[in-house]
Every structure is written in C-alpha cells, then in structure tokens.
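Per TrEMBL, these features apply:
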BINDING   Glu39, Ala40, Gly41, Lys42, Thr43, Thr44  GTP binding site
BINDING   Thr43  Mg(2+) binding site
Amino acid sequence: GVCVSSPAESQSKKIDIALKADGKLRKLEVKLLLLGAGEAGKTTIIKQMKLMHASGFSSPEREAFRAFVFSNMVGAMQSMLQAMEDHRVAFVNRENE
C-alpha cells in the first residue's frame, strides 16, 4: 500500500543511512599509534606517510618546514665547525675558514 511517513521518520531514515555509510568508511580506516622517545622519528614517519598517501603539504605547512629545515642546517653547520675546532681539524682550503 501507500506509505506516508512523517518528517521525523524521514529525517530518522536519512540519519540511519548516513550512519551506515560512515560505518563502512570506518571499517576501511587504519589507525596507527606511534610511540617512542623524543627525536626518535615519530613526526618524520607521519610526514612520510602524508607525502606518500595524502595530498601532500599545504603552502603554509611547506613554509613552516622550510624555516625548520633551514634552522636545522645552520645548527648542524655550527656543530660541525665546533667539532672541527675542538679536534683541531683544519680546513683543506684556507678560503673556507
């Protein structure tokens, strides 16, 4: 026969359909818990996964990483120069001093 439903029943049906679709998506979702000490590479793993499996990084994210990479490079160079001084290692080319 003819089925007449109220607006509430119609809304309930839409919610049920949305919940079922969401449930199917959640079954496909994989979650990963990364544990480790500081500087162990947890953030690096997340960045690698984002590059490989997502759309990559937004422009503001790239700009933030750029500053971070530059800071790390300067810090590494300072450490290397300090180690050369501590161990009395001279530059091969004097122009590089």
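Heads up, the Cβ atoms here are built off N, Cα and C, so glycines get one too.
Curation plays no part in TrEMBL annotations; they are all automatic predictions.
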Fill in: Lys42 (GTP binding site): secondary structure state under DSSP, collapsed to three categories
helix
Practice prompt. Identify all same-chain residues not among Glu39, Ala40, Gly41, Lys42, Thr43, Thr44 whose C-beta atom falls within 8 angstroms of the centroid of the GTP site's C-beta atoms; report them in sequence order.
Written response: Gly36, Gly38, Ile45
Worksheet item: Hey, what's the Cβ neighbour count for Glu39 (GTP binding site) at 10 Å?
Response: 8
Response to the item:
Using a 10 Å radius on the Cβ of Thr44 (GTP binding site), the other Cβ atoms enclosed count 10
